[in-house]
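**Q** My structure is below; once you've seen it, I'll send some questions.
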Amino acid sequence: MESYLNQNFDVKAKHSSEEALEKWRNLCGVVKNPKRRFRFTANLSKRYEAAAMRRTNQEKLRIAVLVSKAAFQFISGVAPSDYTVPEEVKAAGFDICADELGSMVESHDVKKLKFHGGVDGLAGKLKASPTEGLSTDAAHLSQRQDLFGINKFAESELKSFWVFVWEALQDMTLMILGVCAFVSLIVGIATEGWPKGSHDGLGIVASILLVVFVTATSDYRQSLQFRDLDKEKKKITVQVTRSGFRQKLSIYDLLPGDIVHLAIGDQVPADGLFLSGFSVVIDESSLTGESEPVMVNAQNPFLLSGTKVQDGSCKMLITTVGMRTQWGKLMATLTEGGDDETPLQVKLNGVATIIGKIGLFFAVVTFAVLVQGMFMRKLSTGTHWIWSGDEALELLEYFAIAVTIVVVAVPEGLPLAVTLSLAFAMKKMMNDKALVRHLAACETMGSATTICSDKTGTLTTNHMTVVKSCICMNVQDVANKGSSLQSEIPESALKLLIQSIFNNTGGEVVVNKHGKTEILGTPTETAILELGLSLGGNFQEERKSYKVIKVEPFNSTKKRMGVVIELPEGGSLRAHTKGASEIVLAACDKVVNSSGEVVPLDEESIKYLNVTINEFANEALRTLCLAYMDLENGFSPDEAIPASGFTCVGIVGIKDPVRPGVKESVELCRRAGITVRMVTGDNINTAKAIARECGILTDDGIAIEGPVFREKSQEELLELIPKIQVMARSSPMDKHTLVKQLRTTFDEVVAVTGDGTNDAPALHEADIGLAMGIAGTEVAKESADVIILDDNFSTIVTVAKWGRSVYINIQKFVQFQLTVNVVALIVNFSSACLTGSAPLTAVQLLWVNMIMDTLGALALATEPPNNELMKRLPVGRRGNFITNAMWRNILGQSVYQFIVIWFLQAKGKSMFGLDGPDSTLMLNTLIFNCFVFCQVFNEISSREMEEIDVFKGILDNYVFVVVIGATVFFQIIIIEFLGTFASTTPLTIVQWIFSIIIGFLGMPIAAGLKMIPV
């Protein structure tokens, strides 16, 4: 079976081709209810629609760019447009409407933009200030929203409970049983009168309704869980200026006229126009499919919603929001396309298909054998031409039994149990600070064998402070000195240092609406800006004093950032740079000495500074070097900032403490067979110090630098990679190469953490991409499968634990359901062949189906994880889903249950002294009761597939206890009070005890089976 499933029902956890998704759908036969079975699978037709939309957008933008280029040729001769402002817009105090704004930005219409007075003119018409932003007055914002719309795209409405009831009724077998019940009612009432003749028909109707309502309730609750998770996924905030203050705002609250601050890795939240910024490169592939990045500047100011900032930073003016943007229309289609189905969902669809075909064959043969037995009986009495109402009802009962065998035999609940378990796990993981973006990540994480983790913010707290510095060749302990440090630095050097800190930064010092000073930016930038403020610097004054000519933002390839400023005295230019200490120091040929003078950087000074860097790094400090250069030969903004010839001002050591609990989590991973590797852009000594503190770097492990790793041949990598525990000074491509080698060459299941834009390739390549919720950029989150909301490594271990729990829970459920399938099939089939009647009626089989399908999934697929899970080795990439241990348990239990039921059929009457007209009914009721109790105790045994103690932690799972309790309660009701509908009769106390003992005996047998090695 496993090889057939791998050949035909095998999809990747990520990036499956449309052909693979189409293939398994076509192979799915014997589907009772397509609406329910395929509810949580991708809608391929909507996917094709979205792809066509992207192609259209690409063509539109290509034409728009050509038109705007042509427009530049005769822009000076623009004739006044015939645009007139609609009356309601005028009445509200605006001079431009939403449609005009939308068409202008979407079509990149330079002529229209010029006509409206450029970006500043448009801001005026929108009654927005490019510096102060919109007013925070609620009435004003409400009026603007009414006129221009909200920044949300149309979503499909939440289905009501009754829609799920209707979908559950679409089950083909239930429809056929419904017809049988209707015919049974008519024939029964016609022959036996009301109410006696209606019992069989009403029994089937009641069973169908019970199955439908329980199924619909379960499905409805799942849909609510997914809706809650979808809301969490869409929580994106941006930096906005309103009423002159910078603040974080949800993208859904943005309105035309808002001033938004974008940085590298951000997603453009709505259509708009570039106001000011540097080196802005936009990736429009998500909107158009076009991989070529686009430069955005004053000449090409159009920014489209949904595109990503690949490089640079800028301020933008929002012009169009929500469904008026192309992204809004595309997203409305994309969300209908749904998530890819997970590998387990597809595999279990395959299992359901195989067993369904076997079940259908057995059902047809059972019906044929029962009908043939009836005809033989009638032939022997010579009444084959004469048919009574009772015989018609008997024939109908045979057909109902055959249909019900299909109901029980087709394990439609298998793929849905995966969704149930994943929905439950995702909801719980959300409480544990992990937001799952793709369903498949849940189950894949359970198979993970390697975690490649970032250092900063994941293993460390990401709360940074400058604790040491080497300014003007003097090493100082900043943490103890505080503000007195300022007096120990020469005045000229202090001025240079403050100029460098406040101008060459991606952060900002602002006054918030409460009048308090607030530092915005990454933790590294915040730490350095705090140092600048403690040295007596004033951020606003410093920024006003100098004109910025060029900015090169930090990225993890160059490992440094730079700025060129124009000095007020004489208009000369100066470049500042800061970044990885050894890289920036290598670009320096001069240094500021202890007297504040610039002197050549000789061998002795280089050695002293390198020793200082290593000392800082060995204390687990991040080190940054700050340097400057006077550009005496002039500089053009189109040029790159020079890469050498700088003067070193100083080196700072930043403390970023290790998170509490990380060492324990790493040790837990090691015991669970998961290798943890640290991949960081930091100095190798800093990385080694932190890795030792976390327990990642062991005596037999290797720490390597990215540039060294890069130069290795494939043969060397084969020997090296298994030993690598730390990779320092790594570029995004080094990370990508390591992940790819681990996955392809070593067949590992790799989880990777990332927070930056450049981590996207590695996150995309990994089996499970884990993005950081706090430090992560929107680009990284978009490429990830799971978002770690608290950026904590311990949360990653929790995700692994939940992943294992999901995988094992589904295995438990499959083991339980296949046992019921096998026994129900063989009992009814063999009994029909040998005795000419089936001991389990249609109503009874529907009840059994509900125990094993919906209720079984609820009980077993929602088992919470325990610490024992992390003591097992991971399944890995090649593990079989249905293991030998599972087959052993299924076959052992099936044989026991089959023997018990056959023994009762053969010897039950004599054993319990049953005689008289009701003896067969009494025996069949006893068989049904024993069968159900066998399933109840087998459900408890299925809690552990290898362990003997199945009661451990049972009370922690209240769902399991409630399901078992409800099953037993309703079984008593069915036997004792619903005999006329369920074809049962009340049992004696001895027979009840016997049924319970027979069921319970399955548990020691299950324990014995677990001791058989496989």
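Keep in mind that glycine also has a Cβ here, set from the backbone N, Cα and C atoms.
Taken from TrEMBL, the feature domain 'Calcium-transporting P-type ATPase N-terminal autoinhibitory' applies to 5-49. What TrEMBL records for 116-184 is domain 'Cation-transporting P-type ATPase N-terminal'. Residues or ranges marked as domain 'P-type ATPase A' in TrEMBL: 235-333. According to TrEMBL, the domain 'Cation-transporting P-type ATPase C-terminal' annotation covers 838-1012. The transmembrane segment annotation in TrEMBL covers 172-190, 202-220, 354-375, 395-425, 885-904, 919-937, 958-983, 989-1009.
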**Q** Which range out of 172-190, 354-375, 919-937, 989-1009 gives the transmembrane segment (958-983) the most CB pairs under 8 Å?
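**A** Maximum Cβ contact count belongs to 919-937.
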**Q** Per the definition of 3+ C-beta pairs under 8 A with sequence separation of 6 or more, do the transmembrane segment (989-1009) and the transmembrane segment (202-220) touch?
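**A** Between the transmembrane segment (202-220) and the transmembrane segment (989-1009), which are separate recorded stretches, there is no contact, as judged by 3 or more close Cβ pairs.
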**Q** Apart from its near flanks, which chain residues at least 6 from the ends of the transmembrane segment (202-220) lie with a Cβ under 8 angstroms of it?
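**A** Same-chain residues near the transmembrane segment (202-220) but 6 or more away: 36, 39, 159, 161, 164-165, 167-169, 174, 177-178, 180-181, 184-185, 400, 416, 420, 842-843, 846-847, 849-850, 853-855, 857-858, 978, 980-983.
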**Q** For the domain 'P-type ATPase A' (235-333), what does DSSP give as the number of helix, strand and coil residues?
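**A** Secondary-structure breakdown of the domain 'P-type ATPase A' (235-333): 18 helix, 48 strand, 33 coil.
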**Q** Looking only at the domain 'Cation-transporting P-type ATPase N-terminal' (116-184), what are its DSSP counts of helix, strand and coil residues?
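**A** Computed counts for the domain 'Cation-transporting P-type ATPase N-terminal' (116-184) are 40 helix, 3 strand, 26 coil.
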**Q** Kindly state the mean pLDDT of the domain 'P-type ATPase A' (235-333) in the predicted structure.
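**A** Here the predicted model's pLDDT, averaged over the domain 'P-type ATPase A' (235-333), is 86.
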